[in-house]
């Protein structure tokens, strides 16, 4: 109903019409009492309250249309006003019905637009920046407490970072292994794809030709990127943080190589069908840019910012190092004393419950710091250096009232890869059937990869994260779904996240210290997968 119609219906209310008539009669006679003025004021306020929801609804609809049109227009242009070749390719494929035989519908692909990260926008508000200042003040107090306690215990200032030095030990091995991983990812996938693309249209058996090259690419993904970093990590007995660097880079490069091949195969197939003389291959520079760009979705071109703000880059890296020292002090002041004291009494339900609840605070702080250091500071630093325009690496996950929304907004970079290359491709492959199976596959893959990273980095298999993610996380995804909008559900999401991170920190830390205090002389494979916490009895 429009505002005009709404106003026209005001005459259907006899009480309001009578009040208006009495007021006008009194006004004409030149006599207006205070009582009549108050009645008129209440009448106007009531009408305004009735019109307010309708007015806001119409304004909201117009605003949504305006923003949608603006995004659609800006998506087709980069900052310099030049049309992005990827978008034009997508439009051509959308019009070409033959592309349906080659890949999932192209209109479902991710569209990159220039935008700031959400925290950069929020930090412009003084009230939000104050929360940031609170975390800095807390870090200062952690540092002061450590210095004071060390001075009281040792009688001198002890500025040692033994835990950091141990965690990032054997760093030269990390560097040369990373270079080998990077150079192989830069050369081998591009060479295989280029060789396949040039020979596909000329081959008398294109299917067999494609299967051979696909098998070679799979061997590279699993045999080279999948095996070599893991072997180096285990053979050289790297410490935990050094292991995390190599394993996370291993996973990132595998996902990058898959995206590059996945996005470019349809272009080669289209060119072969149309017998086009135009070379559909991207350049080495485009692939090299993609390997460093803070995204897992390949495009020939991305929105670019006009300049690089080197001061902004330095600030982001400074904040990363600040978060690193923050986590160090959390482990030093909150975690280490807790788990070192666990050995003073045998493992029991009481010890476990106390450990979980005492681990909630450090677990939540580590959650916030990990999110801020990597998803905001680290990715924004590389985005700024590469003039990468689309900075939406996360959304407002803290406002989530459902787990499905939390999974979509917590890590947009990884979510996009899983959504387009696992979920959407499975739906396309099975003709949009088995949606639940496709979602289950996404959860299973994510849970397995997370648990693989932790198992390799910690040198033991303790599937706490796998159980929480695969079973409880998936169940909450269906139970606490997008239909839950009330604030109480946001509280429930936060409470479950707090408890979950407390469980993860408690169980994995207990297992770590149990293996330190109860080592085995000749461990078998089963000893690596059997929890030591359940059988270890500390000797004093």
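The backbone N, Cα and C atoms fix where each Cβ goes, glycine too.
Record features, source Swiss-Prot:
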REGION    1-20  region 'Disordered'
MOD_RES   2  phosphoserine
BINDING   127  cholesterol binding site
TRANSMEM  129-150  transmembrane segment
TOPO_DOM  151-170  topological domain 'Lumenal'
TRANSMEM  171-196  transmembrane segment
TRANSMEM  209-234  transmembrane segment
TOPO_DOM  235-242  topological domain 'Lumenal'
TRANSMEM  243-266  transmembrane segment
TRANSMEM  310-342  transmembrane segment
TOPO_DOM  343-359  topological domain 'Lumenal'
TRANSMEM  360-385  transmembrane segment
TRANSMEM  434-458  transmembrane segment
TOPO_DOM  459-464  topological domain 'Lumenal'
TRANSMEM  465-480  transmembrane segment
TRANSMEM  487-518  transmembrane segment
DISULFID  518-536  disulfide bond
TOPO_DOM  519-540  topological domain 'Lumenal'
Review point. Counting each residue once, how many in the topological domain 'Lumenal' (235-242) are helix, strand and coil under DSSP?
Key: 4 helix, 0 strand, 4 coil
Study note, to complete from the structure: Cβ-Cβ distance under 8 Å, sequence separation of 6 or more, same chain as the residue listed as 'cholesterol binding site'; the residues meeting this, in order, are none
Review point. Counting only residues 6+ away from its ends, which parts of the chain sit with a Cβ under 8 Å from the topological domain 'Lumenal' (459-464)?
Key: 451, 503-504, 507-508, 511-512, 515, 528-529, 531-532
Exercise for review: Go through 518, 536, our disulfide-bonded residues, and report the one whose Cβ sees the most other Cβ atoms within 10 Å.
Suggested key: 536
Check your understanding: Can you name the far-off residues of the same chain, 6+ from the ends of the topological domain 'Lumenal' (235-242), with a Cβ under 8 Å from a Cβ of it?
Key -> 166-171, 173-174, 457-458
Check your understanding: Near the transmembrane segment (243-266), which same-chain residues lie under 8 Å Cβ to Cβ, leaving out any that are not at least 6 residues past its ends?
Key -> 93, 99, 102-103, 106, 174, 177-178, 181-182, 185, 189-190, 193, 197, 217, 220-221, 225-226, 229-230, 232-233, 280-282, 287, 290-291, 296-299, 417, 421, 425, 449, 452-453, 456-457
**Study point:** Within the topological domain 'Lumenal' (151-170), residues counted as helix, strand or coil by DSSP
**Key:** 10 helix, 0 strand, 10 coil
Review point. The transmembrane segment (310-342) vs the transmembrane segment (434-458): three or more C-beta pairs under 8 Å (separation of 6 or more)?
Key: no
Exercise for review: Would you kindly check 129-150, 171-196, 360-385, 434-458 and say which stretch has the most C-beta pairs under 8 angstroms to the transmembrane segment (487-518)?
Suggested key: 360-385
Exercise for review: Could you tell me the mean pLDDT over the topological domain 'Lumenal' (343-359), as a whole number?
Suggested key: 78
Revision key, fill the gap. Long-range Cβ contacts under 8 Å made by the transmembrane segment (171-196), restricted to residues 6 or more beyond its ends, are 209-210, 213, 216-217, 220, 224-225, 228-229, 232, 236, 238, 242, 245-246, 249-250, 253, 256-257, 260-261, 264, 268, 281, 284, 287-288, 291
Check your understanding: Quick one: DSSP breakdown of the topological domain 'Lumenal' (519-540) into helix, strand and coil?
Key -> 5 helix, 0 strand, 17 coil
